[in-house]
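Novice: Here it is, the structure, as structure tokens.
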Amino acid sequence: MAAGLRKRGRAGPTARAVGLCGQWLRRAWQERRLLLLEPRYTLKVAACLCLAEVGITFWVIHRVAYTEIDWKAYMAEVEGVINGTYDYTQLRGDTGPLVYPAGFVYIFMGLYYATGRGTDIRMAQHIFAVLYLATLLLVFLIYHQTCKVPPFVFFFMCCASYRVHSIFVLRLFNDPVAMVLLFLSINLLLAQRWSWGCCCFSLAVSVKMNVLLFAPGLLFLLLRQFGLRGALPKLGICAVLQVVLGLPFLLENPVGYVSRSFDLGRQFLFHWTVNWRFLPEALFLHRAFHLALLTAHLTLLLLFALCRWHRTGESILSLLKDPSKRKVPLQPLTPNQIVSALFTSNFIGICFSRSLHYQFYVWYFHTLPYLLWATPARWLTHLLRLLVLGLIELSWNTYPSTSCSSGALHMCHAVILLQLWLGPQPFPKSIQHSKKAH
């Protein structure tokens, strides 16, 4: 009899746990519509999706063949540094010269040793799987704070993208490393840790230069929050970190390091373009076309800064003043204002990129749900937004790209840009009060 009591006593906590789990599942089923549509359930849905992603990513690694593209080149470039070569013009891999900043070298040097000098591909895949899950976690934390995107959309952001899984665990590109640092930076900015956020932002830039597409939005936020004098120390953190990381290479050959790792004029091959396939190759390679894209990029950034981000009624130059000396009292930046400026800045840059290669998809893939759902327009229903997401995914999965896939990608980008311009803005208009009124 005593043994029976002990058995029931041991079973008690387990039975209660099962009962609670059953109650939660029943309530979730009863509230399934709210669970899928209400942003306040983001973390619950995110937890389920992350668990699913563990299984999916494990399955992809063990069931889908790895494809060698740049990993051996990365390892060869890093090995050159390990062997004592600090002149960037002398560092090369199988695919060409080293064209990434110093942060890339240090991080992939760690991966070089962790994977047996780059030979243990399976270990590298598992490391990138952890990196993928960390990226999802950071992205979900951002979406939880903005509270704008219905949770059902996250299924399409996680489990439904073959291309993104491929970039992370089947290709081992350096783009995901830069993006996970970028999303960490945004989380720090949302926590009002501006100095640490700028530090992580600079670290992301030191892995790959595409992160600079977020820089106009970050500059606007820093000036709005601190004014010019207060923003300079934060910008100084970004600059000093770049110098410190690149110091061994700058001491050896400063011109070679800067010209290789921050080469803004690098020519891209027409063979790999995803976004401009419908153009003649001669036009794609022409400098006048590149200049036109840069002009359009800067013009649209300026229009968004003047008409969509800075809506206080004062001149844009008022951002240079100390916030306490502005005519319109400074309001604290909301999570949506921070995320909107950064994601929009990056998206505008991608729309006018000289070329997009397949691995560049992760530059903006995780930001697309926010760009489509954060500024709701009546004419763009849930179904149409999902159609835009699907067409973008299809365009990036078409290999080799075609005129139709490139055209569809630009059409989808144009729809998103139009919604960002016409939709409700996270930066509301402020009423400018005169000094007499105060």
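Every residue gets a Cβ built from N, Cα and C, even glycine.
Per TrEMBL, the features are:
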{"type": "TRANSMEM", "residues": "41-61", "note": "transmembrane segment"}
{"type": "TRANSMEM", "residues": "98-115", "note": "transmembrane segment"}
{"type": "TRANSMEM", "residues": "127-146", "note": "transmembrane segment"}
{"type": "TRANSMEM", "residues": "177-195", "note": "transmembrane segment"}
{"type": "TRANSMEM", "residues": "201-223", "note": "transmembrane segment"}
{"type": "TRANSMEM", "residues": "288-307", "note": "transmembrane segment"}
Novice: Determine whether the transmembrane segment (127-146) and the transmembrane segment (41-61) share at least three Cβ pairs under 8 Å, counting only pairs 6 or more apart in sequence.
Specialist: yes
Novice: Count, for each of 41-61, 98-115, 177-195, 288-307, the Cβ pairs lying under 8 Å from the transmembrane segment (201-223), and report the range with the highest count.
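Specialist: So the stretch in question is 177-195.
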Novice: Could you pull out which residues elsewhere in the chain have a CB under 8 Å from any CB of the transmembrane segment (41-61), counting only those six or more residues past its ends?
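Specialist: Result: 28, 34-35, 122, 125-126, 129, 132-133, 136-137, 140, 143-144, 147, 149, 151-152, 154-155, 158-159, 165, 168-170.
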Novice: If we skip the immediate neighbours and take only residues 6+ beyond the ends of the transmembrane segment (177-195), which ones have a Cβ under 8 Å from one of its Cβ atoms?
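Specialist: Answer is 104, 107, 131, 134-135, 138-139, 141-142, 145, 201, 203-205, 207-208, 210-211, 214, 218, 221-222, 225-226, 233-234, 237, 335, 338-339, 342, 362-363, 366.
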